[in-house]
Amino acid sequence: MGMLNLPGFLSCGKKKDFSLSNEKDTHASDSDENSERGNWSNKGDYLLSMVGYAVGLGNVWRFPYLTYQNGGGAFLIPYTLMLALAGLPLFFMECSLGQFASLGPISVWRILPLFQGVGITMVIISTFVAIYYNVIIAYALYYLFASFQKVLPWSDCFSWADEFCSKTRLVSDCNATLDGEIIHANYSFIISNNLTCMNGTMNYKPVQFPSEQYWNKVALQRSSGLDETGNIVWYLALCLLLSWMIVGAVLFKGIKSSGKVVYFTALFPYVILLILLVRGATLEGALDGIEYYIGKQSNITKLMEAEVWKDAATQIFYSLSVAWGGLVALSSYNKFHNNCYSDAILVCVTNCLTSVFAGFAIFSILGHMAFVSERPVSEVVDSGFDLAFVAYPEALSKLPVSPLWSFLFFFMLLLLGLDSQFATIETLTTTIQDIYPKAMKKLRIPITLAVCILLFLLGLTCVTQAGIYWVNLIDHFCAGWGILIAAVLEIIGIIYIYGGNRFIEDIEMMIGKKSRLFWLWWRICWFFITPVLLMAILVWSLVTFSPPTYGSVLYPAWGTAVGWCMIIFCVIWIPVVAVLKIVKAEGNLCQRIVSCCRPTANWGPYLACHRGERYSHVVDPKREKEHEIPTVSGFVY
């Protein structure tokens, strides 16, 4: 930590800051080390914001199902290995990158101008995700309000139901014994003759449970497909508006306001999960559900299947929110000497333990539902929308005081979604701040409001009667390959082109000198294991690609084409920006490429007092004229 002894270290902050304007920025305070960009008020704000960003809906509605599907408790082995080999190395790398440069996901690519398009791809994908993620939050809000009724509206087949709606499975036919002979007859004949169906021979009528019909017919008013747009569902539009109002209100002062709200939005879901777990554990059938999740049903032989390892790697990758730009953006507001190493480990471990913990709360109540409805647990388990808005609400409706448990569950979903959304929008505003610091300093609140209004208007398509198909389409394309491509290029660019050892020296400027043994594991992962795993996931995803579907509904050809256009729009900036950088460089082609693979003149720690001898040559980014004028591509160098 020799940097601490440099002259002027203690004066990092207001006295030594060369600000661009005397305007007061609500994003920064007098006590901040970096008085131009601002810093987190305290470490708790940052850690809870990171936990809130990483811990999202997928921890509750995807991980438990994957665990059950891939061998139960045995799945924790590849899951933990993938955390250590792929998730944590990427997470630590992005946190270190953002904190070192104090820049967002686009401007931070001063480290490697040729790859600045990777940052643009991250931001565009985050924008697409922000649009549909708030729609899911709107669904949670709708169900939250619907829970304020004495009888939950999806607890029975009410006036909105059709003839296929039923609270129980209806037997259509079965085998029985009549006069010493085995016969096969319809169930009405069996009943009229006082016969009994033989075990394992019963066939059931195709029925839909009330919660499923309520989700499709009432909440979504779902049309027959993407071709049938229908009308805007007004109450979902109002819920969407409310969710954007909440996001805008929390972020009006940037990290200064959101950093306080996350103490509630990031912590209270754990209280609710604990309440649901305690309640679920006291119900009949809960043990059966937990055994399916992680108990006797665990199958160690599943580890011989490549699909299990692929699912573990994919879940870790998406669960930690790496390569979305948010980790870089949130870490950019840290003080320079913050211990980002311990932060990364703490957040990653918390995220994974939350997933495991959530599984117990989910499966205990699903086990009770299976017991009450006399079905095997495997028939009531589901993931994604079907778990959150069909299976689990169905299970909650069977509990005493069901409106209370329903309110708690959907309030938890709301909070889990909101703090992830806070970080996503902060990623977008951080990008704007880096590109237009003067405008952001003066107009932070109007700009944040404008971002929320624009994304709300774009999201109205997702609350039409065909809205769920659009949500599924964006998720299928944008939240998949684009992020994987960005992650692969990110680690290749930083470790192989900028230099892994050079990057380690940058980190040591922040957290102090470490031994070779300390860095051995990180070098092995960054240089070899993590890039190979990411490439394997990407190739696997491309090879196993299947056209998007929603349940049994197929998408029209034009819908799939729109999906391809979205992902192409996200990643096309990587080659476009690379070409623009090469064209604007000087010299012959090889010299231009080489110059674009070197950090820009203003790459380094944001504040001069942190640069030391290694970055003493750095042009002050706050005085760099280039910082104020966008390039041809619309983004700064």
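Using the three backbone atoms N, Cα and C, a Cβ is placed for every residue, glycine included.
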Looking at TrEMBL, which one of Cys165, Cys174 makes a disulfide with Cys157?
Cys165
For Ser319 (Na(+) binding site), nearby residues of its own chain (Cβ under 8 Å, 6 or more apart in sequence)
Ala54, Gly56, Gly58, Asn59, Phe63, Gly87, Asn351, Cys352, Ser355
With the transmembrane segment (261-278) as the reference, which stretch in 114-145, 232-252, 312-333, 345-371, 480-499 has the largest tally of C-beta pairs below 8 Å?
345-371
Counting only pairs 6 or more apart in sequence, are there at least 3 Cβ pairs under 8 Å between the transmembrane segment (312-333) and the transmembrane segment (561-583)?
no
Does Leu416 (Na(+) binding site) have same-chain partners at least 6 apart in sequence with Cβ under 8 Å from its own Cβ, and which are they?
Val55, Gly56, Leu57, Asn59, Val60, Pro269
Would the transmembrane segment (404-425) and the transmembrane segment (520-541) count as touching if the test is at least 3 Cβ pairs under 8 Å, pairs 6 or more apart?
no
Any contact, the transmembrane segment (520-541) to the transmembrane segment (75-93), with at least 3 Cβ pairs under 8 A:
yes
Integer Å distance between the CA atoms belonging to Gly52 (Na(+) binding site) and Cys165 (disulfide bond):
38
